[in-house]
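Per TrEMBL, these features apply:
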type    : residues   : note
DOMAIN  : 19-238     : domain 'HpcH/HpaI aldolase/citrate lyase'
BINDING : R80, E143  : substrate binding site
BINDING : E143, D170 : Mg(2+) binding site
Amino acid sequence: MTGRGRVLVLAERQIHLKRTGLYASGCSPVNMIQAVFYNEDMLVYDLEDSVPASEKDAARLLIYQMMKYHRPRNKYVAIRINALYSEYFEEDLQAVVRANPDAIRLPKIEYAKEVQSISQRIAQIEDQVGLEVGKIDLICNIESYMGIINAQEIASADPRVVALTVSAEDLTASMKAQRTKKGLEVFYARNAVLLACRAAGIDAIDVVFSDINDEEGLREDTALAKNLGFDGKTVVHPRQIDVVNSFFTPSQKEINYALRVLDAVEQGKQLGKGAVTLDGSMIDKPIEMRARTTLAQAEAAGIKLDRMVI
Ligand SMILES: CC(=O)SCCNC(=O)CCNC(=O)[C@H](O)C(C)(C)COP(=O)(O)OP(=O)(O)OC[C@H]1O[C@@H](n2cnc3c(N)ncnc32)[C@H](O)[C@@H]1OP(=O)(O)O
Ligand SMILES: O=C([O-])CC(=O)C(=O)O
Ligand SMILES: [Mg+2]
């Protein structure tokens, strides 16, 4: 474990686990303190939609103080600022860069050039206050039809960008769509963002499931996200954390299968075969890759494998 949360080295790149990203509102000091002690991989302090206009200044100050005096050392910490064209943007950026989070979460991103100009502005502030330039990551919320259309260029807009999210509440509002628990209305958006993230080699973070009392619904929604290929999901209540973490953490059954796949591949190699069978199914390169990803995710989640994986 590092000071920035659990990490995994996959495809020669260090990835900070983002199975769960818990929002704590900047106008709830109690939630902000409590969030430090839960199991989420990423804690997101919010200055945007959970904070009413009358509380923006107080929330900005509170988050800065929180980061200075109570920053959790075992988590990846992000701060969501207000949108680029809002009246709060410049003040948010000044305070938040000084707070030096792992990432700044940018709402309502629609164009790559917005990300590039924000990144340059951050660099100026980093330089001004003596921080290493380029160290703060960016997570871009994709939450409009224009963001979806431009997801691919946004994902590779700047080296700071480590993840995109599908932010379904604002997105459905922009689409004149109805938000449903089954999520058919955001199915295309989820896939568009995922493809953009995979092409850019960054993480993809799935939508909020807003009904905090519907565990079965959350399970179905998270299973879908995991099977599509997302790396994690945004959550808004501590009750959602363990459920979501469990889906994005390989089960013992998945780990055992992955180890057996690697054994079968190894035996195949010794016999000079590219494809082998396991339990009656063909095992070849993509299945080996999935097995290796499973084992890397398990290790990153702190699960001890009972043997070395070569
Ligand atoms: C669409 C978007 O933009 S999503 C992002 C913006 N939204 C947010 O940031 C909202 C985040 N979530 C919340 O603020 C809250 O969960 C709410 C308002 C939805 C519900 O809060 P509550 O009514 O207090 O929920 P509830 O009573 O079930 O809370 C149980 C416990 O969990 C704590 N808790 C609830 N939500 C959070 C949270 N997000 N972070 C940390 N602790 C939390 C409560 O303080 C309470 O603690 P206690 O038992 O010690 O008193
Ligand atoms: O940050 C998020 O992913 C949630 C959000 O803003 C939205 O759904 O509109
Ligand atoms: Mg939103």
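Counting starts with 1 at the first residue shown.
Placed from the backbone N, Cα and C atoms, the Cβ positions cover glycine too.
Long-range Cβ contacts of D170 (Mg(2+) binding site) within its own chain (separation 6+, distance under 8 Å): P107, K108, N141, E143, S144. In the three-state DSSP scheme, D170 (Mg(2+) binding site) falls into the helix class.
Among the binding-site residues R80, E143, D170, the residues whose Cβ lies under 6 Å from any atom of ligand 3 are, in sequence order, E143, D170.
The number of other CB atoms found within 10 A of the CB of R80 (substrate binding site), across every protein chain shown, is 27. In the predicted model, residues of the domain 'HpcH/HpaI aldolase/citrate lyase' (19-238) average a pLDDT of 97.
Counting every protein chain shown, 25 other Cβ atoms lie within 10 Å of the Cβ of E143 (substrate binding site).
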